[in-house]
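S.K.: This is the feature table in Swiss-Prot:
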| type | residues | note |
| --- | --- | --- |
| BINDING | 29-57, ARG98, ASN137 | NAD(+) binding site |
| BINDING | ARG105, ASN137, ARG168, THR247 | substrate binding site |
| ACT_SITE | HIS192 | active site, proton acceptor |
Amino acid sequence: MSTKEKLISHVMKEEPVGSRNKVTVVGVGMVGMASAVSILLKDLCDELAMVDVMEDKLKGEVMDLQHGSLFLKTKIVGDKDYSVTANSKVVVVTAGARQQEGESRLNLVQRNVNIFKFIIPNIVKYSPNCILMVVSNPVDILTYVAWKLSGFPRHRVIGSGTNLDSARFRHLIGEKLHLHPSSCHAWIVGEHGDSSVPVWSGVNVAGVSLQGLNPQMGTEGDGENWKAIHKEVVDGAYEVIKLKGYTSWAIGMSVADLVESIIKNMHKVHPVSTLVQGMHGVKDEVFLSVPCVLGNSGLTDVIHMTLKAEEEKQVQKSAETLWGVQKELIL
């Protein structure tokens, strides 16, 4: 008799029970790992699967996380073969070429489309009912690409979009007012990145509209220069990349925030990238961020935001820019 047999007496053969809240992270770069750790520390899933083409890096990261199993409640698995991802509830795609210092998010496009042509069919093969969350940049275009390549209905393909931009925005407003970001309600919509749209008309604290107190807020004529806050949001990522070489922690936490709303069926409203054709005067098949309700089925509803004419025009301009790029893509 082995030590194990002397220690444990077997009662029954265990039936395999599938995890109802398995999460997969594709890509073990800086963003993938920050997302994985954030998901683990929030205790969101029973099983976390990780995939990447870089076999040694993947193996090392998985092993490193597994060494912390005692401190976690999640089973961690990893392999370059996508069978390890089978039956995931949410699949987070962070893989792709990384943005270089000074490189625009749009410049990354075709490089990442080619990577997606391999990744997406593999995800669909093993988790045909999952919710796909795209994080790789340029996120709005790649969410469209993932939607096209997956054949999934639109409510199951979500881009992380401006969830992080809005968090940065709320943080900076909070800094200016000496308040916690959760008490500063503010939304950034449209494209994730350089042409994102701050909805100044909706900025409020405890239901008090800041534009009601300062009608010039967000415009050139504003003596308090609130507009600079949005510029800081846009420049924020570039600044972090310049200083430490990449961004990771905040986007990782932002991803975990979205995954939580889905897995726990919270019906929370998040600014995420979805098909906006027919909204805010957008005519083309583009994905942009608008406030959306997230739950167990994915993206169930969209909130009708009251945008000013100028804001609406910016959203349409973003849509045109994105469509200009999308129609050139070889899918």
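Note that Cβ sites are derived from N, Cα and C of the backbone, with glycine treated the same way.
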S.K.: Please tell me which one of the binding-site residues listed here (GLY29, ALA49, VAL53) sits closest to ASN137 (substrate binding site), measuring Cα to Cα?
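M.R.: Comparing Cα positions, the closest of these binding-site residues turns out to be GLY29.
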S.K.: Of ARG168, HIS192, THR247, which is closest to GLY29 (NAD(+) binding site) if I measure between C-alpha atoms? They're all recorded positions.
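M.R.: Of all the candidates listed, THR247 is nearest in space.
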S.K.: Among the recorded positions listed here (LYS57, ARG168, HIS192), identify the one with the smallest other-Cβ count within 10 Å.
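M.R.: Per-residue Cβ counts within 10 Å for the recorded positions LYS57, ARG168, HIS192 bottom out at LYS57.
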S.K.: Compile a sequence-ordered list of residues in the same chain as THR247 (substrate binding site), six or more apart from it, whose Cβ lies below 8 A from its Cβ; state 'none' when nothing qualifies.
M.R.: MET30, VAL31, ALA237, VAL240, ILE241
S.K.: Distance between HIS192 (active site, proton acceptor) and ARG168 (substrate binding site) at the Cα atoms, whole Å?
M.R.: 12
S.K.: With H, G and I counted as helix, E and B as strand and the rest as coil, say where DSSP puts ALA49 (NAD(+) binding site).
M.R.: strand
S.K.: Which number gives the other C-beta atoms within 10 angstroms of the C-beta of ALA49 (NAD(+) binding site), all protein chains shown included?
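M.R.: Looking across every protein chain shown, the total is 28.
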S.K.: Taking only the Cα atoms, work out how far ALA49 (NAD(+) binding site) lies from ARG168 (substrate binding site), in Å, as a whole number.
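M.R.: Spelling it out, the Cα of ALA49 (NAD(+) binding site) and the Cα of ARG168 (substrate binding site) are 29 Å apart.
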S.K.: Rounded to the nearest angstrom, how far is the Cα of ARG168 (substrate binding site) from the Cα of MET33 (NAD(+) binding site)?
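M.R.: Approximately 20 Å lies between the Cα of MET33 (NAD(+) binding site) and that of ARG168 (substrate binding site).
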S.K.: May I ask for the distance between LEU41 (NAD(+) binding site) and ARG168 (substrate binding site), taken between their Cα atoms and rounded to an integer number of Å?
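M.R.: Cα-Cα distance, LEU41 (NAD(+) binding site) to ARG168 (substrate binding site): 21 Å.
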